[in-house]
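Down below is the structure, laid out as structure tokens.
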Amino acid sequence: MINLLNQSGDGFRDPEISPEGPKETAPLPEDVAKQNALLVDEWADKLYDATAADILEWAHEHAPGKLVVTLSMENTVLAELAERHLPDADFLFLDTEYHFPETLEVADKVEARYPNHELVRATAQLSRPEQDEVYGPNLYLRNPGACCRMRKVEPLAVHMSPYAGWITGLRRADGPTRAEAPALSLDNTGRLKISPLVTWSLEETEAFEEDNDLIIHPLTRQGYPSIGCATCTLPVADGEDPRAGRWAFASKTECGLHE
């Protein structure tokens, strides 16, 4: 294991300092970055309320490089739509090592059902036991932002380098922090950020799963409309904000991937 101990008080490293420093995505080639910016300028307004199929067909036709579909495994709608409209896209799953067992089972089923798409499983630099040793146990309780950064944000950044853009499962209906999310934008690296489900409701998502016999995460039918790490996700009551069960012990509402 990397020797990161005894870097701060109490024998643990400062959680604001990631292992070996911050992780960043490699810069895009200048011509790709320029093309992405032009695409967003021209198309963001046109695609704002477009259908998921139209958005993905647009992405397949216009993206100036390979795309990756990020899957939380909360639902598998994006995987199915990518199978239909993005034959060359990879899938990416952030395996934080804190997931519900059911989430990992869904990931395995997705990998088996869609063999034409490579499923990249991105993990943090430190394993869960190593993180406990270096930063202290239960970092997610003491500093959930740091835990999300090291186990989600930075692994995504490292694995995003080969791609010109990424497909996300953002929905405006997920809560007030996402109420005006665009279907097409640039992320902070200049990559295309494409959200084909942005206009969908939870009910529409579940109906699509049922109508198309998709792999269903069982917890979504047990009061968990939004699913993250098992340590930081609780069921919510009917009528509550779908993300009310995320980090309910803190003021945090986003993991950092979409901030």
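From the backbone N, Cα and C atoms, a Cβ is placed for every residue, glycine too.
Any TrEMBL annotation is an automated prediction that lacks curation.
Lifted from TrEMBL, the feature list:
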- 1-29: region 'Disordered' (REGION)
- 68-235: domain 'Phosphoadenosine phosphosulphate reductase' (DOMAIN)
- C147, C148, C229, C232: [4Fe-4S] cluster binding site (BINDING)
- C255: active site, nucleophile (ACT_SITE)
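Location within the structure of each feature annotated in TrEMBL.
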residue: C147; record: [4Fe-4S] cluster binding site; Cβ neighbours (10 Å): 24
residue: C148; record: [4Fe-4S] cluster binding site; Cβ neighbours (10 Å): 24
residue: C229; record: [4Fe-4S] cluster binding site; Cβ neighbours (10 Å): 22
residue: C232; record: [4Fe-4S] cluster binding site; Cβ neighbours (10 Å): 21
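Mean pLDDT for the domain 'Phosphoadenosine phosphosulphate reductase' (68-235) in the predicted structure: 95.
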